[in-house]
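Take a look at the structure set out below.
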């Protein structure tokens, strides 16, 4: 695809404004483009309205298989855990001993072995306590458990994907605060793509792509949401989802398990600040899918992965309110991604939100 017009005035054409005129933006991390059509957010909405997440989640439910002391579907009883709790997924998408498919008889019908393990990690024993409502010490415990799992599974598996689906809108079937960790014998599509683009950027520019990008965003400020001495969160220049964010370390670090003590503390702080802003945006427990990307592991631990920079993606679907989401259909599925407000508008709105959770403000006022 050719780069979009530079915005210079042409005969009969007004001055370009990114908040008013459609344009395309390049995503160097995925080597693709997103169409930005900020004027579309003004159109009236008569489509589907989502149900807001329930506010009355019980703190403990003996029938909830993620609660302490509950019996899971396989008959195992959870311990009375008081912090994080990790256990094998009872319905794993990957298993370590799956047989290998046979040889293909045609290049258009290829299959490959896919082995691995899938784990579930509960963040907290209480079902009604999401990450933004946890203490910094509790969030830090989650980070430490992530790093421990990344190191443990990464000792043998090439890719360890830590991800959280929050809210029924993102396919989460249980409100209890938890995430999943899938380790695979192969590099998934997104990992292979990011490996290629970051490797190419380092070769051509002599600096890791996302390290350079973080430095640029810290200087420009217009897409900055929150920052501290070790981390910053931005709505990326190439964001696809309305309030998508990218969490980046300021120093060059390849993997989650490489973070030192101070960086883990400051990560807990910036995660809490971001997630409080997310909840405050529409005063609802904000749905999203998030996940960590870092340098591959397993056999790649012996290779130079200096082109990689650790980062976390947050992909929230909500667009206008707690009940109106962005749909990725039609043009997005058949042509390319498209968004309905500029990343700068989204960042400004998130940046201006208070960092005290709306539920805590309500308690203080009552």
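Cβ coordinates are placed from backbone N, Cα and C, and glycine is handled just like the others.
Remember, TrEMBL labels are computer predictions, not curated facts.
Note: residue 178 (active site, tele-UMP-histidine intermediate) has non-local neighbours 66, 120, 121, 122, 123, 164, i.e. same-chain residues 6+ apart with C-beta under 8 A of its own C-beta. The annotation active site, tele-UMP-histidine intermediate is assigned in TrEMBL to 178.
Taken from TrEMBL, the feature compositional bias 'Basic and acidic residues' applies to 12-24.
The domain 'Galactose-1-phosphate uridyl transferase N-terminal' feature in TrEMBL is assigned to 17-188.
Feature annotation from TrEMBL assigns region 'Disordered' to 1-24.
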Discussion item. If you average per-residue pLDDT over the domain 'Galactose-1-phosphate uridyl transferase N-terminal' (17-188), what number do you get?
Written reply: 91
Worksheet, complete the sentence: The DSSP breakdown of the compositional bias 'Basic and acidic residues' (12-24) into helix, strand and coil residues is 0 helix, 2 strand, 11 coil
